[in-house]
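Okay, so here's the structure we're looking at.
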Amino acid sequence: MNKILVINAGSSSIKFQLYDANEKVLAKGLCERIFIDGAFKYEFEDGSKDEGNSAFPTHKEALTHLLESLKKHKVINDLSEIVGVGHRVVQGAYWTDSTLITPQVLEKIYELAKLAPLHNKPEADVIDVVQKLIPKAKNVAVFDTSFHTSMPEVAYEYAIPREWKEKHLVRRYGYHGTSYRYVTKRFEQLLNKKAVNLVICHLGNGASIAAIKDSKSINTSMGFTPLEGLVMGTRSGDIDPSVVQYIAKQTNKTLDQVIDDLNKKSGLLGLSSYADMRDVTSNLPKTQLTLDVYTQRVADYILKYANQINASIDGLVFTAGVGENASLIIQEVVNKVHLLKVSLDPKAFEQKYSDYRKLSDDKSQLNVYQVRTNEEIMIMRDVVRLSK
(Lines of atoms letter the chains of each structure in order from A; the text may use other names.)
(Lines give C-alpha, C1' and ligand atoms only; values in the text may rest on other atoms or scores of the structure.)
Protein backbone atom coordinates (compact mmCIF):
# COMPACT_ATOMS: atom_id res chain seq x y z
CA MET A 1 0.00 0.00 0.00
CA ASN A 2 1.20 3.50 -0.83
CA LYS A 3 2.48 5.57 2.08
CA ILE A 4 3.01 9.28 2.78
CA LEU A 5 5.88 10.60 4.90
CA VAL A 6 5.43 13.93 6.71
CA ILE A 7 8.59 15.74 7.80
CA ASN A 8 9.12 18.74 10.07
CA ALA A 9 12.82 19.62 9.99
CA GLY A 10 14.43 22.00 12.46
CA SER A 11 17.97 23.33 12.64
CA SER A 12 19.12 20.26 14.61
CA SER A 13 16.13 17.90 14.51
CA ILE A 14 13.70 16.01 12.29
CA LYS A 15 10.17 15.07 13.39
CA PHE A 16 8.20 12.69 11.20
CA GLN A 17 4.99 10.72 10.80
CA LEU A 18 4.32 7.98 8.26
CA TYR A 19 0.73 7.49 7.03
CA ASP A 20 -0.98 4.86 4.95
CA ALA A 21 -3.57 5.75 2.30
CA ASN A 22 -6.35 5.67 4.91
CA GLU A 23 -4.69 8.38 7.04
CA LYS A 24 -3.59 5.83 9.63
CA VAL A 25 -0.34 6.65 11.45
CA LEU A 26 2.08 3.76 10.95
CA ALA A 27 5.09 5.32 12.65
CA LYS A 28 6.20 8.58 14.20
CA GLY A 29 9.17 9.99 16.02
CA LEU A 30 12.14 12.28 15.88
CA CYS A 31 15.86 12.52 15.38
CA GLU A 32 17.49 15.26 17.43
CA ARG A 33 20.85 16.68 18.44
CA ILE A 34 21.95 16.53 14.80
CA PHE A 35 25.52 17.91 14.45
CA ILE A 36 26.12 17.12 18.16
CA ASP A 37 25.85 13.55 19.49
CA GLY A 38 22.62 12.36 17.87
CA ALA A 39 19.55 10.81 19.49
CA PHE A 40 16.41 9.17 18.12
CA LYS A 41 13.03 8.04 19.39
CA TYR A 42 10.59 6.17 17.14
CA GLU A 43 7.13 4.67 17.84
CA PHE A 44 5.35 2.16 15.64
CA GLU A 45 1.74 1.16 15.03
CA ASP A 46 2.14 -2.15 16.88
CA GLY A 47 3.21 -0.33 20.05
CA SER A 48 6.90 -1.11 19.74
CA LYS A 49 9.54 1.57 20.18
CA ASP A 50 13.08 2.17 19.03
CA GLU A 51 15.23 4.77 20.78
CA GLY A 52 18.84 5.49 21.55
CA ASN A 53 21.85 7.41 20.31
CA SER A 54 23.50 7.45 16.91
CA ALA A 55 25.95 9.75 15.17
CA PHE A 56 24.09 12.28 13.01
CA PRO A 57 26.78 14.53 11.47
CA THR A 58 24.12 16.05 9.18
CA HIS A 59 20.41 15.75 8.44
CA LYS A 60 21.22 13.17 5.76
CA GLU A 61 22.46 10.61 8.30
CA ALA A 62 19.40 11.22 10.49
CA LEU A 63 17.02 10.70 7.55
CA THR A 64 18.87 7.57 6.47
CA HIS A 65 18.64 6.22 10.01
CA LEU A 66 14.88 6.75 10.34
CA LEU A 67 14.20 5.25 6.91
CA GLU A 68 16.29 2.19 7.76
CA SER A 69 14.40 1.85 11.04
CA LEU A 70 11.09 1.83 9.13
CA LYS A 71 12.41 -1.10 7.09
CA LYS A 72 13.87 -2.88 10.11
CA HIS A 73 10.51 -2.77 11.88
CA LYS A 74 8.70 -3.96 8.73
CA VAL A 75 6.66 -0.76 8.42
CA ILE A 76 7.89 -0.65 4.85
CA ASN A 77 9.71 -3.25 2.80
CA ASP A 78 11.17 -0.84 0.31
CA LEU A 79 11.52 2.95 0.06
CA SER A 80 9.51 2.87 -3.17
CA GLU A 81 6.39 2.36 -1.01
CA ILE A 82 6.73 6.00 0.06
CA VAL A 83 5.07 7.74 -2.88
CA GLY A 84 4.87 11.21 -1.38
CA VAL A 85 6.68 13.34 1.17
CA GLY A 86 5.23 16.47 2.76
CA HIS A 87 7.59 19.05 4.19
CA ARG A 88 6.65 21.75 6.67
CA VAL A 89 8.34 24.94 5.44
CA VAL A 90 8.10 27.93 7.74
CA GLN A 91 8.56 30.85 5.33
CA GLY A 92 6.72 30.78 2.02
CA ALA A 93 6.41 34.54 1.49
CA TYR A 94 3.74 35.03 -1.18
CA TRP A 95 2.86 31.37 -1.85
CA THR A 96 -0.88 31.17 -1.26
CA ASP A 97 -1.02 27.37 -1.18
CA SER A 98 1.16 24.32 -0.73
CA THR A 99 3.07 23.32 -3.85
CA LEU A 100 4.84 20.44 -5.56
CA ILE A 101 8.58 20.94 -5.17
CA THR A 102 10.43 21.55 -8.42
CA PRO A 103 14.08 22.64 -8.70
CA GLN A 104 12.81 26.21 -9.03
CA VAL A 105 10.67 25.89 -5.89
CA LEU A 106 13.57 24.46 -3.90
CA GLU A 107 15.80 27.31 -5.04
CA LYS A 108 13.18 29.82 -3.87
CA ILE A 109 12.91 28.11 -0.45
CA TYR A 110 16.67 28.48 -0.08
CA GLU A 111 16.41 32.12 -1.15
CA LEU A 112 13.73 32.81 1.47
CA ALA A 113 16.09 31.54 4.17
CA LYS A 114 17.19 35.17 4.50
CA LEU A 115 13.75 35.81 6.04
CA ALA A 116 13.79 32.69 8.25
CA PRO A 117 17.41 31.52 8.62
CA LEU A 118 16.70 29.17 11.53
CA HIS A 119 14.06 27.28 9.58
CA ASN A 120 14.13 27.49 5.79
CA LYS A 121 17.71 26.37 5.19
CA PRO A 122 17.50 23.11 7.19
CA GLU A 123 14.07 22.47 5.67
CA ALA A 124 15.47 22.96 2.17
CA ASP A 125 18.50 20.80 2.99
CA VAL A 126 16.19 17.97 4.06
CA ILE A 127 14.10 18.30 0.89
CA ASP A 128 17.28 17.98 -1.16
CA VAL A 129 18.33 14.84 0.73
CA VAL A 130 14.87 13.23 0.50
CA GLN A 131 14.80 13.75 -3.26
CA LYS A 132 18.05 11.78 -3.48
CA LEU A 133 17.11 9.03 -1.01
CA ILE A 134 13.57 8.49 -2.37
CA PRO A 135 13.89 9.73 -5.97
CA LYS A 136 10.47 8.54 -7.18
CA ALA A 137 8.46 10.16 -4.38
CA LYS A 138 6.65 13.42 -5.01
CA ASN A 139 7.70 16.16 -2.59
CA VAL A 140 5.29 18.85 -1.43
CA ALA A 141 6.12 22.04 0.49
CA VAL A 142 3.47 23.12 3.00
CA PHE A 143 4.11 26.68 4.15
CA ASP A 144 3.32 28.10 7.58
CA THR A 145 2.65 31.45 5.95
CA SER A 146 0.24 30.46 3.15
CA PHE A 147 -2.96 30.54 5.22
CA HIS A 148 -2.24 34.14 6.21
CA THR A 149 -1.83 35.46 2.65
CA SER A 150 -5.53 36.34 2.84
CA MET A 151 -4.74 39.09 5.37
CA PRO A 152 -5.62 42.58 4.10
CA GLU A 153 -2.91 45.21 3.71
CA VAL A 154 -4.06 46.99 6.84
CA ALA A 155 -3.10 43.86 8.80
CA TYR A 156 0.22 42.99 7.19
CA GLU A 157 1.78 46.41 6.54
CA TYR A 158 4.33 47.88 8.95
CA ALA A 159 4.69 51.67 9.23
CA ILE A 160 8.27 51.56 7.93
CA PRO A 161 10.26 53.09 5.05
CA ARG A 162 8.79 51.82 1.78
CA GLU A 163 12.21 50.60 0.64
CA TRP A 164 12.29 48.05 3.48
CA LYS A 165 9.21 46.34 2.09
CA GLU A 166 9.91 46.70 -1.63
CA LYS A 167 13.59 45.69 -1.57
CA HIS A 168 13.82 43.57 1.57
CA LEU A 169 10.30 42.04 1.82
CA VAL A 170 9.68 43.37 5.34
CA ARG A 171 6.01 42.89 6.24
CA ARG A 172 3.90 40.77 8.56
CA TYR A 173 3.64 37.15 7.36
CA GLY A 174 2.19 35.18 10.27
CA TYR A 175 2.94 31.56 11.13
CA HIS A 176 1.23 28.38 12.47
CA GLY A 177 -0.91 28.61 9.34
CA THR A 178 -1.31 24.86 8.88
CA SER A 179 -2.68 24.53 12.42
CA TYR A 180 -5.14 27.38 11.84
CA ARG A 181 -6.22 25.80 8.57
CA TYR A 182 -6.90 22.48 10.31
CA VAL A 183 -8.90 24.06 13.14
CA THR A 184 -10.92 26.19 10.72
CA LYS A 185 -11.80 23.16 8.56
CA ARG A 186 -12.66 21.17 11.68
CA PHE A 187 -15.12 23.83 12.83
CA GLU A 188 -16.78 23.99 9.45
CA GLN A 189 -17.49 20.27 9.98
CA LEU A 190 -18.49 20.56 13.64
CA LEU A 191 -20.86 23.47 13.08
CA ASN A 192 -22.00 22.30 9.62
CA LYS A 193 -21.20 25.69 8.10
CA LYS A 194 -19.52 26.62 4.82
CA ALA A 195 -17.59 29.42 6.53
CA VAL A 196 -16.85 30.25 10.15
CA ASN A 197 -15.73 33.21 12.25
CA LEU A 198 -13.25 32.26 14.97
CA VAL A 199 -10.63 33.64 17.30
CA ILE A 200 -8.09 30.81 17.53
CA CYS A 201 -5.41 30.71 20.22
CA HIS A 202 -2.55 28.39 19.22
CA LEU A 203 -0.78 28.17 22.56
CA GLY A 204 2.28 25.94 22.57
CA ASN A 205 5.94 26.64 23.30
CA GLY A 206 5.57 28.90 20.30
CA ALA A 207 2.27 30.76 20.57
CA SER A 208 0.08 32.94 18.38
CA ILE A 209 -3.52 34.02 17.84
CA ALA A 210 -5.44 34.42 14.59
CA ALA A 211 -8.64 36.19 13.61
CA ILE A 212 -10.64 34.07 11.17
CA LYS A 213 -13.50 35.68 9.24
CA ASP A 214 -15.46 33.68 6.66
CA SER A 215 -12.88 30.90 7.16
CA LYS A 216 -10.00 33.18 6.10
CA SER A 217 -7.22 34.71 8.17
CA ILE A 218 -7.64 38.47 8.52
CA ASN A 219 -4.96 38.99 11.17
CA THR A 220 -2.50 37.08 13.33
CA SER A 221 -0.15 37.95 16.15
CA MET A 222 3.16 36.71 14.70
CA GLY A 223 4.67 39.10 12.19
CA PHE A 224 7.83 39.28 10.07
CA THR A 225 9.18 36.44 12.21
CA PRO A 226 7.65 34.21 14.91
CA LEU A 227 9.16 36.54 17.54
CA GLU A 228 6.31 39.06 17.38
CA GLY A 229 3.10 38.81 19.39
CA LEU A 230 2.39 36.73 22.48
CA VAL A 231 4.69 35.84 25.35
CA MET A 232 6.01 32.35 24.51
CA GLY A 233 8.16 29.67 26.11
CA THR A 234 11.45 31.41 25.37
CA ARG A 235 10.39 34.26 23.03
CA SER A 236 9.58 37.74 24.27
CA GLY A 237 6.72 38.53 21.93
CA ASP A 238 5.91 42.22 21.40
CA ILE A 239 8.70 44.52 22.57
CA ASP A 240 9.93 48.05 21.82
CA PRO A 241 12.56 47.60 19.04
CA SER A 242 14.76 50.22 20.71
CA VAL A 243 15.50 47.69 23.46
CA VAL A 244 17.66 45.75 20.99
CA GLN A 245 20.00 48.67 20.32
CA TYR A 246 20.04 49.69 23.98
CA ILE A 247 21.02 46.23 25.29
CA ALA A 248 23.61 45.82 22.52
CA LYS A 249 25.30 49.04 23.65
CA GLN A 250 25.00 48.31 27.37
CA THR A 251 26.34 44.74 27.16
CA ASN A 252 28.64 44.96 24.11
CA LYS A 253 26.62 42.18 22.49
CA THR A 254 26.05 42.06 18.76
CA LEU A 255 22.56 42.64 17.36
CA ASP A 256 22.41 38.94 16.48
CA GLN A 257 23.22 38.00 20.08
CA VAL A 258 20.48 40.27 21.46
CA ILE A 259 17.90 38.87 19.02
CA ASP A 260 19.06 35.39 20.01
CA ASP A 261 18.38 36.30 23.66
CA LEU A 262 14.88 37.49 22.73
CA ASN A 263 14.26 34.18 20.94
CA LYS A 264 15.87 31.75 23.37
CA LYS A 265 16.18 33.38 26.82
CA SER A 266 13.00 35.44 27.12
CA GLY A 267 9.27 34.76 27.40
CA LEU A 268 8.27 32.47 30.27
CA LEU A 269 11.94 31.60 30.78
CA GLY A 270 12.95 35.23 31.18
CA LEU A 271 10.09 36.02 33.54
CA SER A 272 10.27 32.95 35.76
CA SER A 273 13.32 30.80 34.88
CA TYR A 274 10.87 28.16 33.55
CA ALA A 275 10.33 27.75 29.80
CA ASP A 276 7.59 25.13 30.20
CA MET A 277 4.11 26.28 31.20
CA ARG A 278 3.70 23.12 33.31
CA ASP A 279 6.60 24.26 35.47
CA VAL A 280 5.17 27.77 35.69
CA THR A 281 1.77 26.55 36.91
CA SER A 282 3.27 24.03 39.36
CA ASN A 283 5.37 26.73 41.02
CA LEU A 284 2.58 29.14 41.92
CA PRO A 285 2.31 31.53 43.72
CA LYS A 286 5.92 32.61 43.09
CA THR A 287 5.28 32.51 39.32
CA GLN A 288 1.98 34.41 39.49
CA LEU A 289 3.38 37.48 37.73
CA THR A 290 4.58 35.31 34.85
CA LEU A 291 1.12 33.77 34.54
CA ASP A 292 -0.52 37.20 34.63
CA VAL A 293 1.76 38.70 31.97
CA TYR A 294 1.21 35.70 29.70
CA THR A 295 -2.57 35.51 30.06
CA GLN A 296 -3.07 39.29 29.87
CA ARG A 297 -1.29 39.37 26.51
CA VAL A 298 -3.52 36.57 25.21
CA ALA A 299 -6.67 38.29 26.49
CA ASP A 300 -5.68 41.59 24.89
CA TYR A 301 -5.24 39.96 21.49
CA ILE A 302 -8.57 38.12 21.81
CA LEU A 303 -10.40 41.41 22.34
CA LYS A 304 -8.48 43.08 19.52
CA TYR A 305 -9.32 40.33 17.04
CA ALA A 306 -12.94 39.99 18.12
CA ASN A 307 -13.29 43.68 17.30
CA GLN A 308 -11.65 43.22 13.89
CA ILE A 309 -13.91 40.30 12.94
CA ASN A 310 -16.87 42.64 13.52
CA ALA A 311 -19.44 39.88 13.03
CA SER A 312 -21.03 37.05 14.99
CA ILE A 313 -18.19 34.90 16.30
CA ASP A 314 -18.71 31.13 16.15
CA GLY A 315 -16.11 30.34 18.77
CA LEU A 316 -13.10 31.25 20.85
CA VAL A 317 -10.83 28.25 20.33
CA PHE A 318 -7.80 27.06 22.30
CA THR A 319 -5.40 24.60 20.70
CA ALA A 320 -1.77 23.30 20.70
CA GLY A 321 0.13 21.97 23.72
CA VAL A 322 -0.91 24.57 26.30
CA GLY A 323 -4.27 25.36 24.75
CA GLU A 324 -5.30 21.69 24.59
CA ASN A 325 -4.24 20.75 28.11
CA ALA A 326 -3.79 23.68 30.52
CA SER A 327 -7.24 24.38 31.94
CA LEU A 328 -5.86 26.96 34.37
CA ILE A 329 -4.50 29.05 31.51
CA ILE A 330 -7.86 29.12 29.73
CA GLN A 331 -9.62 30.12 32.94
CA GLU A 332 -7.09 32.88 33.63
CA VAL A 333 -7.38 34.21 30.07
CA VAL A 334 -11.18 34.22 30.12
CA ASN A 335 -11.16 36.01 33.49
CA LYS A 336 -9.29 38.86 31.77
CA VAL A 337 -11.62 39.07 28.75
CA HIS A 338 -14.17 41.39 30.33
CA LEU A 339 -15.95 43.03 27.40
CA LEU A 340 -17.14 39.81 25.72
CA LYS A 341 -18.93 38.42 28.79
CA VAL A 342 -17.58 34.90 28.51
CA SER A 343 -18.71 32.32 31.07
CA LEU A 344 -17.13 28.89 31.52
CA ASP A 345 -18.69 25.66 32.77
CA PRO A 346 -16.39 24.30 35.54
CA LYS A 347 -17.71 20.76 34.99
CA ALA A 348 -16.63 20.84 31.34
CA PHE A 349 -12.98 20.78 32.37
CA GLU A 350 -13.55 17.52 34.24
CA GLN A 351 -14.66 15.66 31.12
CA LYS A 352 -12.08 13.80 29.05
CA TYR A 353 -12.09 14.55 25.35
CA SER A 354 -10.55 13.02 22.26
CA ASP A 355 -10.88 15.70 19.60
CA TYR A 356 -12.74 18.73 20.96
CA ARG A 357 -14.96 19.91 23.79
CA LYS A 358 -17.09 22.94 24.57
CA LEU A 359 -16.06 24.80 27.73
CA SER A 360 -18.56 27.65 27.94
CA ASP A 361 -21.92 27.46 29.70
CA ASP A 362 -25.37 28.55 28.53
CA LYS A 363 -24.94 32.06 29.97
CA SER A 364 -21.85 32.80 27.90
CA GLN A 365 -22.25 35.23 25.00
CA LEU A 366 -19.35 33.49 23.24
CA ASN A 367 -18.81 29.76 22.82
CA VAL A 368 -15.40 28.58 24.03
CA TYR A 369 -13.79 25.34 22.81
CA GLN A 370 -10.69 23.23 23.11
CA VAL A 371 -9.64 21.44 19.93
CA ARG A 372 -6.68 19.17 19.30
CA THR A 373 -4.85 20.45 16.25
CA ASN A 374 -3.32 18.13 13.68
CA GLU A 375 -0.85 19.84 11.38
CA GLU A 376 0.58 16.54 10.17
CA ILE A 377 -2.71 15.30 8.75
CA MET A 378 -3.14 18.58 6.85
CA ILE A 379 0.33 18.16 5.34
CA MET A 380 -0.47 14.55 4.45
CA ARG A 381 -3.73 15.59 2.75
CA ASP A 382 -1.92 18.29 0.79
CA VAL A 383 0.51 15.69 -0.52
CA VAL A 384 -2.39 13.51 -1.67
CA ARG A 385 -4.23 16.48 -3.21
CA LEU A 386 -1.24 17.83 -5.12
CA SER A 387 0.14 14.46 -6.21
CA LYS A 388 -2.91 13.46 -8.25
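FYI, residue positions are counted from 1 along the chain as it appears here.
Placed from the backbone N, Cα and C atoms, the Cβ positions cover glycine too.
The active site, proton donor/acceptor annotation in Swiss-Prot covers ASP144. Neighbours of ASP144 (active site, proton donor/acceptor), defined as other CB atoms within 10 A of its CB across all chains, total 24.
Cβ neighbour count for GLU375 (Mg(2+) binding site): 22 (other Cβ atoms within 10 Å of its Cβ, all protein chains included). Sequence annotations record features per position, and here Swiss-Prot assigns Mg(2+) binding site to ASN8, GLU375.
As annotated by Swiss-Prot, ATP binding site applies to LYS15, HIS202, LEU203, GLY204, ASN205, GLY206, ASP276, MET277, ARG278, GLY321, VAL322, GLY323, GLU324, ASN325. Under the DSSP three-state reduction, ASN205 (ATP binding site) is assigned to coil, being neither helix nor strand.
Residues annotated as substrate binding site in Swiss-Prot, with sequence analysis given as evidence: ARG88. A 10 Å cutoff on Cβ-Cβ distances gives ARG88 (substrate binding site) a total of 22 other Cβ atoms nearby, all chains included.
Sequence-distant neighbours of HIS176 (site 'Transition state stabilizer'): residues of the same chain at least 6 apart with a C-beta under 8 Å from its C-beta are ASP144, HIS202, GLY206, SER208, ALA210, THR220, MET222, ALA320. Per Swiss-Prot, the feature site 'Transition state stabilizer' maps to HIS176 (among others); the stated evidence is sequence analysis.
The site 'Transition state stabilizer' annotation in Swiss-Prot covers ARG235 (among others) and rests on sequence analysis. If you draw a 10 Å sphere around the CB of ARG235 (site 'Transition state stabilizer'), it holds 27 other CB atoms from the protein chains shown.
Counting neighbouring Cβ atoms within 10 Å of each of the binding-site residues (ASN8, ASN205), the lowest count belongs to ASN205. Each of the binding-site residues ASP276, GLU324 was scored by how many other Cβ atoms lie within 10 Å of its Cβ, and the smallest score goes to ASP276.
In sequence order, the binding-site residues near ARG88 (substrate binding site) (Cα within 10 Å of its Cα) amount to none of ASN205, ARG278, VAL322, GLU324. Maximum intra-site Cα distance, ATP binding residues LYS15, HIS202, LEU203, GLY204, ASN205, GLY206, ASP276, MET277, ARG278, GLY321, VAL322, GLY323, GLU324, ASN325: 22 Å.
Secondary structure from DSSP puts GLU375 (Mg(2+) binding site) in a helix.
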